[in-house]
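According to Swiss-Prot, the protein has these features:
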type	residues	note
TRANSMEM	33-53	transmembrane segment
TRANSMEM	77-98	transmembrane segment
BINDING	His83, His182	heme b b562 binding site
BINDING	His97, His196	heme b b566 binding site
TRANSMEM	113-133	transmembrane segment
TRANSMEM	178-198	transmembrane segment
BINDING	His201	ubiquinone binding site
TRANSMEM	226-246	transmembrane segment
TRANSMEM	288-308	transmembrane segment
TRANSMEM	320-340	transmembrane segment
TRANSMEM	347-367	transmembrane segment
Amino acid sequence: MTIMRKNHPLLKLVNDSFIDLPTPSNISSWWNFGSLLGVCLVMQILTGLFLAMHYTSDTATAFSSVTHICRDVNYGWLIRYLHANGASMFFICMFIHVGRGIYYGSYMLSETWNIGIILLLTTMATAFVGYVLPWGQMSFWGATVITNLLSAIPYIGTTLVEWIWGGFSVDKATLTRFFAFHFILPFIITALVLVHLLFLHETGSNNPSGLNSNSDKIPFHPYYTIKDLLGVLLLLMVLMILVLFFPDVLGDPDNYTPANPLNTPAHIKPEWYFLFAYAILRSIPNKLGGVMALILSILILALFPLINSSKQHGLVYRPITQFIYWIFIANLLILTWVGGQPVEYPFTMIGQVASIMYFSIIIIFMPIASMIENDILKLHY
């Protein structure tokens, strides 16, 4: 008798993607974050759906509706904090996923990598419009400041900003459309995830050694389903500790004050996961230059497959580039910290140095290190 999962048109897709998928036998726990991102996405869509049942996207009632969710809806506080802190877990997993891709040379699977960059940008857009919805002070001013950056585009900038706002300031029309965007974008992300997986399964997964693993593959189930399940349990444990004990630790106190266009907060800053890009944005004194640097800080990831000149796949056997990689990670953490500090000396100076380092490491230092390591290889072999 033939096995149904191998022949049924729908089950065959699931089988080839999650059950009988040939997987390298040596992939480490750094490969767990793809499945964790999937779990985060499903959780965000479900909690978001339940929040949307009670939320009203009107400037007069948005803040009150969020208060109503937390106070009057059964377990509304839990759903709200799961959604807010789930976004943080989503970005932690995504940053680790990208970091692993850089470390192990996964960017050489260029189609998968490029779809991943589009996914990152789409997720950032979703998180940004979502942060505006509670209509607190930081929601309102964050929306005003970030959308205003588009006015730096020559000729069409001002018109574009007013078109996005739906008026001459961030108001009712802006909130309504941001809610619409926030609802639709996760489904676009889901579609992109399927494309991401489609391209990944065309080539097969990379592995820590960077060598071809076609001669040594094992089925995804049960080996990696069990391994991923452990990762999911650890993720949920960290998330529940955050939600139940420190629900507001990653948020901004200003967002508990209703939006007031007449009163500007002392320090306008986005959520923590955007701080590195925000630090790069404000380290450049020119508005258009800052916006370009902000966009390039993400799009520069697309250069990795192009500027890679190493004879080896990944950084496992490349000590010089490894050292530079960890400096890059430390530099990112410094940018994240600086992004949350006020715009004054010494933070502005630290931000400018860290921003220059961010781009220099990728464009200059890593390729030079690759060339040196290639020369060392020539000497030995």
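Note that Cβ sites are derived from N, Cα and C of the backbone, with glycine treated the same way.
Sequence features annotated in Swiss-Prot and their locations in the structure.
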| residue | record | contacts (Cβ under 8 Å, 6+ apart) |
| --- | --- | --- |
| His83 | heme b b562 binding site | Gln44, Thr47, Gly48, Leu51 |
| His97 | heme b b566 binding site | Phe33, Gly34, Leu37, Gly116 |
| His182 | heme b b562 binding site | Gly48, Thr126, Val129, Gly130, Leu133 |
| His196 | heme b b566 binding site | Thr112, Ile115, Gly116, Leu119 |
| His201 | ubiquinone binding site | Asp16, Ser17, Leu21 |
Highest-contact recorded stretch vs the transmembrane segment (77-98), from 33-53, 113-133, 178-198, 288-308, 320-340, CB pairs under 8 Å: 33-53
Touch test for the transmembrane segment (226-246) and the transmembrane segment (33-53), at least 3 Cβ pairs under 8 Å: yes
Two-stretch contact, the transmembrane segment (320-340) and the transmembrane segment (288-308), at least three Cβ pairs under 8 Å: no
The transmembrane segment (288-308) and the transmembrane segment (33-53) contact flag, 3+ Cβ pairs under 8 angstroms: no
